[in-house]
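K.L.:
This is the feature table in TrEMBL:
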- Gly58, Phe63, Ile109, Glu110, Arg123: S-adenosyl-L-methionine binding site (BINDING)
Amino acid sequence: MRDLHQEAFLTYINLLLEWNQIHNLSGNLTPRLAEEYLLDSIYPLEFIQSFSRCIDVGSGAGFPAVPLAICCPRSEFLLIEPRNKRAAFLQYVSSELGLSNIQVKKMRIEEVGGRCVDLITSRAVMDAPSLIASCSHLLQVGGHYLFYKGENLSQELGRSVEGYPRRGQRIYFYERKES
């Protein structure tokens, strides 16, 4: 973690833990687990191509979008979250952290239109084929998907993702291994 981002990361985790106790944003979240999720969120920056505009589908408690927005202040982030309390948290945390590169929309991904981005991210929202089908119209030519997945990735990929990616697009999967 860069020192430059350390304070923002700590503030984010503290706000998340505080809100989670009251609003149950992310289940039984511990400080250690929140830190692991944060590190998982930023690790793919080591291997994905740079991007200017990102949509995060089902943003929930903010992973991976908030840590990515902290690390990529020149990139624009649209966080899509249909649930009121989670959308309110995302709005609050982006304001508290001064993340002017984040815009939060309380809606479902199927309702988003008219935007074209070069990165679409998602963590634990739905299976990859369904996710691609619901948001492929938002990804520009040469754009990338970055899906954060759990240990059921190989089973999920057994389902057809044929025909993807299209138009020079690429799909990255970051698989989290439980320790």
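Glycine too: its Cβ is placed from the backbone N, Cα and C atoms.
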K.L.:
What does DSSP assign Ile109 (S-adenosyl-L-methionine binding site), in three states?
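P.N.:
Assignment for Ile109 (S-adenosyl-L-methionine binding site) reads helix.
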K.L.:
Helix, strand or coil: which one is Gly58 (S-adenosyl-L-methionine binding site) in, per DSSP?
P.N.:
coil
K.L.:
Validating a neighbour-count step here. Other CB atoms within 10 A of the CB of Ile109 (S-adenosyl-L-methionine binding site): how many?
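P.N.:
For Ile109 (S-adenosyl-L-methionine binding site), the count of other Cβ atoms within 10 Å is 21.
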K.L.:
According to DSSP, does Arg123 (S-adenosyl-L-methionine binding site) sit in a helix, a strand, or coil?
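P.N.:
DSSP call for Arg123 (S-adenosyl-L-methionine binding site): strand.
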K.L.:
What's the number of neighbouring CB atoms sitting within 10 A of the CB on Glu110 (S-adenosyl-L-methionine binding site)?
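P.N.:
The answer is 10 other Cβ atoms.
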K.L.:
Mind giving me a neighbour count for Phe63 (S-adenosyl-L-methionine binding site)? Other Cβ atoms within 10 Å of its Cβ, every protein chain shown.
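P.N.:
So the Cβ neighbour count for Phe63 (S-adenosyl-L-methionine binding site) comes to 24.
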K.L.:
Which site among Gly58, Arg123 has the most other CB atoms no more than 10 Å from its CB, taking these as binding-site residues?
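P.N.:
Selected residue: Arg123.
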K.L.:
Record lists Gly58, Phe63, Ile109, Glu110, Arg123 as binding S-adenosyl-L-methionine; longest Cα-Cα distance in Å?
P.N.:
20
